[in-house]
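K.L.:
Heads up, here are the entries from TrEMBL:
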type	residues	note
SIGNAL	1-22	signal peptide
DOMAIN	25-331	domain 'Plant heme peroxidase family profile'
DISULFID	Cys35-Cys115	disulfide bond
SITE	Arg62	site 'Transition state stabilizer'
ACT_SITE	His66	active site, proton acceptor
BINDING	Asp67, Val70, Gly72, Asp74, Ser76, Glu88	Ca(2+) 1 binding site
DISULFID	Cys68-Cys73	disulfide bond
DISULFID	Cys121-Cys327	disulfide bond
BINDING	Pro163	substrate binding site
BINDING	His193	heme b binding site
BINDING	Thr194, Asp248, Thr251, Asp256	Ca(2+) 2 binding site
DISULFID	Cys200-Cys235	disulfide bond
Amino acid sequence: MESMRLTLFLMGILLNATTLSGVKLLVHDYYEEKCPLAEDIVRHNVEVALLNNPRLAASLLRLHFHDCFVMGCDASVLLDSVEGMTSEKLAGPNVNSLHGFELIDKIKYLLEEECPITVSCADILAMAARDAVQLRGGPRWEVLLGRKDSLESSFSGANLFIPAPNSSLEVLIDNFKQQGLDIEDLVTLSGSHTIGRARCLNFRQRIYESEDEYHHGNDRYKRYTTFRRILRSICPVEGRDNKFAPLDLQTPERFDNQYFINILGGNGLLGSDNVLISQDLDGKITKHVWAYASNEKLFFASFAKSMIKMGNINVLTGDEGEIRRNCRFVNAY
């Protein structure tokens, strides 16, 4: 089954619930009668968790992203390994990197108490990501609901489809295109790097490469030089692989448009951030970056639109998949 769904991805056949004929649409009020308190339960628990640990906001957003980019938004990323199936949690982009599983477990437990076998883990991920963004100062959007949970994970898919932190612009565009996302979505969703952290292992290459790679030699006020010096103090040439730096040094815990201001100055933490400018030969992406850097409301509106679009990637609905009782395991029948 995994190989079949991966083949569909490789062929670019995206089974999107908003466009596939005969498949039940995702809707805003899916739980209005089935489980009226579902969204309130998710939001309350996300809010309490963020008060204790604001960094969880980025973790929840990243969980949703890493889930959707592997076979679709089906909560496959939450499954633990069992005999015959290796968890996506152990894949290169995820191992020792994804967090927030315990909060999802808690929310699922409370929802099972309120409405047994009703709210999917995939929908929990989508709602939690939305609430996390808003609670850190970002936009709110109406999440389309009605996803089912997958019966499998894809370790190989996680290694194949999740963009690497040192990806070239060409690779990033191709990654997003495979998911049915365009260049505007790429730029917009990259703005999620306004919150969160990255390990030294993921940005070392970027801070020890030639300065010209990211700002074309234009550093009159030594902003990039200072930025790089700060990062080198955190991340030496060797060692400290698991030391962290914020993706946005200016406003690390607030969801805003500072990310775009940063990359215009060559001050994005990851190589994959800075190539949006340095490898944009025709200037189309730079134009989007400038627009978001100068207009936060525009970025917020575009981010909400792209998150809704991403949340519809290859969803399971109707008789497909299941509603898991425990997000870590498929149901036993």
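Here, residue 1 is simply the first one shown, and the rest follow in order.
For all residues, glycine too, the Cβ spot is worked out from N, Cα and C.
I'm curious about the neighbourhood of these features; can you describe it?
P.N.:
Taking the Cβ of Cys35 (disulfide bond) as reference, residues of its chain lying under 8 Å away and at least six apart in sequence are, in sequence order, Leu111, Glu114, Cys115, Thr118, Val119.
Neighbour count (other Cβ atoms within 10 Å of the Cβ, all protein chains): 23 for Arg62 (site 'Transition state stabilizer').
Cβ neighbours of His66 (active site, proton acceptor) (same chain, under 8 Å, six or more residues apart in sequence): Val77, Glu88, Pro93, Asn94, Leu98, Ala158, Ile162.
All protein chains included, Ser76 (Ca(2+) 1 binding site) registers 29 other Cβ atoms within 10 Å of its own Cβ.
A C-beta separation below 8 Å, combined with a sequence spacing of at least six in one chain, links Cys73 (disulfide bond) to His64, Asp67, Ala122, Leu125, Ala126, Arg147, Met310, Gly311, Asn312, Ile313, Asn314, Val315.
The local packing around Cys121 (disulfide bond), expressed as other Cβ atoms within 10 Å of its Cβ over all shown chains, amounts to 30.
Sequence-distant contacts (6 or more apart, same chain, Cβ under 8 Å) of Pro163 (substrate binding site) comprise Phe69, Val171, Leu172, Asn175, Ser272.
Listed in sequence order, the residues of the same chain lying 6 or more apart from His193 (heme b binding site) and placing their CB within less than 8 Å of its CB are Leu247, Asp248, Tyr259, Gly268, Leu269, Leu270, Asp273.
Sequence-distant contacts (6 or more apart, same chain, Cβ under 8 Å) of Asp256 (Ca(2+) 2 binding site) comprise Gly137, Gly138, Thr194, Glu296.
The Cβ of Cys200 (disulfide bond) lies under 8 Å from the Cβ of Ile234, Cys235, Arg240, Asp241, Asn242, Lys243, Phe244, Ala245, each on the same chain and at least six residues away in sequence.
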K.L.:
So what pLDDT does the domain 'Plant heme peroxidase family profile' (25-331) average out to?
P.N.:
92
K.L.:
Between Ser76 (Ca(2+) 1 binding site) and Cys68 (disulfide bond), what C-alpha distance do you get in Å?
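P.N.:
It is 9 Å, counting Cα to Cα.
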K.L.:
Out of Val70, Cys235, which of the recorded positions has the smallest number of neighbouring Cβ atoms within 10 Å?
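P.N.:
With the recorded positions Val70, Cys235, fewest surrounding Cβ atoms within 10 Å: Cys235.
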K.L.:
Please report the number of other Cβ atoms within 10 Å of the Cβ of Gly72 (Ca(2+) 1 binding site).
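P.N.:
There are 28 of them.
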K.L.:
List only the single closest residue to Cys327 (disulfide bond), chosen from the binding-site residues Val70, Asp74, Thr251 by CA-CA distance.
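P.N.:
Closest by Cα: Asp74.
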K.L.:
Cα-Cα, whole number of Å: Cys121 (disulfide bond) versus Gly72 (Ca(2+) 1 binding site)?
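P.N.:
With the alpha carbons as reference points, the distance is 13 Å.
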